[in-house]
Amino acid sequence: MERIVVTLGERSYPITIASGLFNEPASFLPLKSGEQVMLVTNETLAPLYLDKVRGVLEQAGVNVDSVILPDGEQYKSLAVLDTVFTALLQKPHGRDTTLVALGGGVVGDLTGFAAASYQRGVRFIQVPTTLLSQVDSSVGGKTAVNHPLGKNMIGAFYQPASVVVDLDCLKTLPPRELASGLAEVIKYGIILDGAFFNWLEENLDALLRLDGPAMAYCIRRCCELKAEVVAADERETGLRALLNLGHTFGHAIEAEMGYGNWLHGEAVAVGMVMAARTSERLGQFSSAETQRIITLLTRAGLPVNGPREMSAQAYLPHMLRDKKVLAGEMRLILPLAIGKSEVRSGVSHELVLNAIADCQSA
């Protein structure tokens, strides 16, 4: 069992990583006997895990209600959020309730925002079931729903009480979802840890076959890096922005193509190549390093070119609505070397469009 602590003073919390955690009531601390829980999951995961998690919580004396959401990025919306509020109010659940998010990034982000908003804030626990959510979205307190004009535009910073990562969940993950998660894994190597990127080049095949020790190390290292960044910059005023490598471009793809048609990790993979091409055009990143990124993403089963039906010009309106925009100016996360990156302002739209075009016709 691995345990990492996100250090945020009195709001610090543990990330527990192991197999078989759904069999152990202690995995769901700080829940105690007699407490009330609303378990939020989706229609795909409910048949796999709902009864198991409900059973282990009830074994610990916890009173469990549940709400099952439709599955898909297109349901990360205010309308679906309202169904969670309605379920909480109908029981009713008070301010002493705990929301448990059992699912991937959509369930985790939406449940976290529900917890931040319901009666001005209730406790919640993240139980991520996808690789992407285990290494990224469940850690750090970013909660949100989407708007038709932009991804994650309505949300709050709100930290969980704990994160429970059961590695056994990955055994039921479709290959496309596994690849999507690997995009976020590769991101950490590009922006923060060149040695980890090297390790990924050597061990990607082991990750693709869900080798236990390799996957445990991979998730632990990603969570360590995320925890360090969040502890230093919880509300993304500086360092934490680096975690958005590829996201400015990627969110544009997701919004333009319709939420759910491209998985988040697929869009981020293309976005990271576009960021690398932008950095190349600025003369601060080598084509050889871009090729290393492309090769690793391709081996992981991820796209490296943007959708053909989306013109370079179609990216700009979405990118100019990005949450990192300041004074109307885009701020891009760009690699400087494998393992080093920067936040860059003042890049001309023409250069960005040319970098996007590099990835459309490649």
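Just so you know, glycine gets a Cβ as well, placed from its N, Cα and C.
Going through Glu184, Glu329, Glu342 against Swiss-Prot, the one listed in the Zn(2+) site together with His247, His264 turns out to be Glu184.
Close to Glu184 (Zn(2+) binding site) in the fold, though at least 6 residues off in sequence, lie Leu131, Leu132, Val135, Asp136, Cys222, Gly265, Val268, each with a CB less than 8 Å from its CB. Ranked by how many other Cβ atoms sit within 10 Å of their Cβ, the binding-site residues His247, His264 place His247 at the bottom. Cα separation, His247 (Zn(2+) binding site) to Asp71 (NAD(+) binding site), rounded: 22 Å. The highest number of surrounding Cβ atoms within 10 Å, among the binding-site residues Gln74, Thr130, Thr172, is found at Thr130.
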